[in-house]
Amino acid sequence: MSLLKTFRVDKTQPVHPITFMFLYMPFGIFNGFISVTMGFLLTKAGVSLAGVASIVSLPYLPNILKFLWAPLVDTTLTVKTWYRIANVGTVIGILATSVIPHNSHFLPLLMVVVFLTAVANTNIAMTTESLIAQEVPDEHKGRAGGWLQAGNLGGFGIGGGAGIWLTERMPAHWISGAVIALVSLLCGLGLLFLKDPAPFKREETYLKTIGTLGKEIWVLVKSRGGFLALTLCFLPVGSGAASNLWSSISGDWHASPDAVALAVGIVGGVASAIGSLLGGWIADKMDRKKAYILFGLLEGGAALLMALSPRTQLMFMIWTTIYAITVGLAFAGFSAFVLEAIGKVGAATKYNFFAALSNIPIYSMIFVDEWAHNKWSSTGILTAETVMPVLGAILFISVLFFSRMKPETVRKD
């Protein structure tokens, strides 16, 4: 009973934000399983870096396009029902990708399964974000965003690090997939502590409902705060893209599979979760957009120092951990400034309008990193990760300086 009281028994009382961490974890678990565990297994099987990148980057495509189906969460069924559907789809997808052989011959089949699972998995994010927008008061949006991203990045560590650790020790890959899938399924128990948000106002026809929702988004984008938030989403600041390629370039640091699993997985997951919680706290203490820029620059600084450090296993573990902390900071900063901007009405659609756009620079950075790797090996990746946040920060400062838009209005929703 004491555990229940920690979260919330009386659903009329504010829920502890740790609930959102658990609900969001399946989103990170799936992406970690694909990016780290699958990336490691494909690399081990002799698949080229380009082939590995085609798999690990694939989940970003549905995350770019997810604003197209986000209105379904706001306008049909219930938010909690959509979450359950998404979690079951994620579990099935993890199991399927663990059964399919991990080699170049099965890349086309893996791509199809990963893509379809990623589509279902996007609804984990959308439903949790909708719940958090409804439940958390504005003054605590940064803190809540920190817990949200702690679940995302901590889940990434579970799906990646624990995934590698299990595959190295289990007699068959599907066993590790089953364990990871079970963890994802259990995270859905967090729904027990939440009520369903009030549905978006439904018009006589579904098309009219979508039209009304579209007007809400347009009003948001026209506001100064909405426009600045939109600008940040297009900038390569705080992308954390290098995290997707650590397992593929770990050989340059002579890192063993266990070291990779520890640094990128368990330790990296904990480090990024700590960074998220710290970032959420900081974002509540200062301008949330400026906090995001600051966190992105810290991420670039970590990449620069890693590039300058000796190529040893210890340095790999140290700098990937520090990088993970900065990624946590940046992701929490992103959630904080978006949650601040969107209000409560149509939260799933609004949040994912911004989130979908923010995946464009992340998706692009994977291929920028791949290009830089082909030109200058791992040093190229780290150089790109250093330069791009600086360019993004300069662009955002320019937008702030030259902005002549009307002052931001206070939203009533």
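Any Cβ shown, glycine's included, is placed from N, Cα and C.
Some features that TrEMBL has for this protein:
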- 176-413: domain 'Major facilitator superfamily (MFS) profile' (DOMAIN)
- 21-42: transmembrane segment (TRANSMEM)
- 48-69: transmembrane segment (TRANSMEM)
- 81-100: transmembrane segment (TRANSMEM)
- 106-126: transmembrane segment (TRANSMEM)
- 147-166: transmembrane segment (TRANSMEM)
- 172-194: transmembrane segment (TRANSMEM)
- 227-247: transmembrane segment (TRANSMEM)
- 259-279: transmembrane segment (TRANSMEM)
- 291-310: transmembrane segment (TRANSMEM)
- 316-339: transmembrane segment (TRANSMEM)
- 351-368: transmembrane segment (TRANSMEM)
- 380-402: transmembrane segment (TRANSMEM)
Maximum Cβ pairs under 8 Å to the transmembrane segment (227-247) - stretch from the list 106-126, 147-166, 316-339: 316-339
Other parts of the chain folded back onto the transmembrane segment (147-166), taken as Cβ under 8 Å at six or more residues beyond its ends: 17-18, 20-37, 40, 94, 125, 128-129, 132, 175-177, 179-180, 183, 187, 243, 247, 257-258, 260-262, 264-270, 272-277, 279-280, 324, 327-328, 331-332, 334-335
Folded-back contacts onto the transmembrane segment (172-194), same chain, C-beta under 8 angstroms, at least six residues removed: 4, 7-8, 11, 15, 19-20, 22-23, 25-26, 29-30, 33, 37, 41, 80, 83-84, 87-88, 90-92, 94-95, 97-99, 102, 131, 135, 155, 158-159, 162-163, 166
Beyond the flanks of the transmembrane segment (380-402) by 6 or more, those residues with Cβ under 8 Å of it: 228, 231-232, 235-239, 241-242, 245, 249, 289, 293, 296-297, 299-301, 303-304, 306-307, 361, 365, 368-369, 371-374
Selection from 21-42, 48-69, 259-279, the stretch that has most Cβ pairs under 8 A to the transmembrane segment (351-368): 48-69
Within the predicted model, mean pLDDT of the domain 'Major facilitator superfamily (MFS) profile' (176-413): 84
Contact call for the transmembrane segment (48-69) against the transmembrane segment (106-126), three or more Cβ pairs under 8 Å: yes
Among the ranges 21-42, 81-100, 106-126, 291-310, the one whose Cβ pairs under 8 Å to the transmembrane segment (259-279) are most numerous: 21-42
Folded-back contacts onto the transmembrane segment (291-310), same chain, C-beta under 8 angstroms, at least six residues removed: 142, 232, 237-238, 240, 242, 279, 282-283, 318-320, 322-323, 325-327, 329-330, 332-334, 336-337, 379, 382-383, 385-390, 392-393, 396-397
